[in-house]
């Protein structure tokens, strides 16, 4: 036979009864309900008595499960009603039906407000605040607060004011002076207990004097220690919170550049006379002041103290690139650091073998003592070998952090150079080299226009200028002497061309057609047939009369000396249609350009 026991929460207590009614107590009795096979462990007694929030039940006390009566302590001036809840191991029962009402008579307050304090305010002012009494603590109608105050320890009468809320504004005779303050609760039936005094201070004002800076000790290029004298307590006019250090950069010692005033602030709390100022710029001049501050704010600043930070190590270069490699050489190019932090003395270039093994090669050092040099060519490297390069910028204080780059040398018979096609547009009106990175070496080739073969008309290695050279080329075009020289050259060139044109046409002012009909020249006809071929009406015809005049009268005419360098032939400067081609012929004679019939101009370069 199997027996099953069912457990459940208790039934609510019944038959609540009030007895032994007193001004501040009453006895409550009840009957227990069914416990549903689980003994009642305790009873919870709740009450409803809040005049401002009727229907709100609050816990008053708890008793053991075997008890069914309790004497309850009550507060004055409350209309009570009670209910009971039974509890077992399963849970709570439903609340019982409410008891009859019990109302306690009013009385004077039993306590005074707590947490009396002063709010931040204007000088010579106190805004006094406190926690108001709760409804169950008022004990009667007509609750008010009596506030009294006087200067601390002064043999004077207390000043007094009564208010119904929980704040009071009081004007005093002194700035940040201590006062004894009391707050007492009162109602229609009397006053609360004798209040205790608290010390509050009247409103603060700004400090009226400045500290004196004793000195600034430079710890390193970015950190200094400032020391100052503290100000007297009576000059703080409030509660001293600490000291404030203000500083701003005025000048760079590297290039003499001045800076607008941008103040940095650092606060040091407490009564102290020193502070560390970090994160300064190296090799710069600064101004620094110190002031005291309280809850109101900072007071006047000290006289500015001028100090300078020494040189430091530079930041790492902005970039490092391998622009050309061969089987045993590599050319590197780099950019200046963003912050030099001093006068640049050079670079430390290091490199080592890092082939795909766990072992790495010995680190080789090269000291580059030319700060303006933006590139370096390494030689005596191993062919078909991977290297890692490290570059550090250096000042007199040392070298900064490195920037790194990796590259492999080539095998026998191989050659690789950096490509320059990106960013270069030969139709642009700017020098094409300006599109390259400053301080980099590039190989420039100029090929024939129709790209029939791979023979280059021009090839050279150029090095673009770094930032330090930019001013030379930017400013030369604005110099007066340079402008005057260019104008003179242009004028002389125009005059020379005018003279040549006049002399060339001295023998050509007659009818070419009639002259040829009367005196045909076999030599000229031969030249026409063999050299120029047949011409259509739309072709440009050579100046036949001029050709014959040049052949027959070269030695006799007075302009022969001038025309010989502009006539036909291998060294002539005019083509068959009279165009000027001296630039092409001149370049060919010097061996700079090897052309297969091309008349393209040489690639313009600027060193």
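Every residue number used here counts from 1 along the chain in the order it is shown.
Placement of Cβ uses the backbone N, Cα and C atoms for every residue, glycine included.
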Of the residue ranges 481-502, 503-524, 525-546, the one that TrEMBL records as transmembrane segment: 481-502
Stated TrEMBL location of region 'Disordered', expressed as one of 67-90, 91-114, 115-138: 91-114
Helix, strand and coil residues within the region 'Disordered' (91-114) as assigned by DSSP: 0 helix, 4 strand, 20 coil
Predicted model, mean pLDDT over the domain 'Fibronectin type-III' (207-312): 96
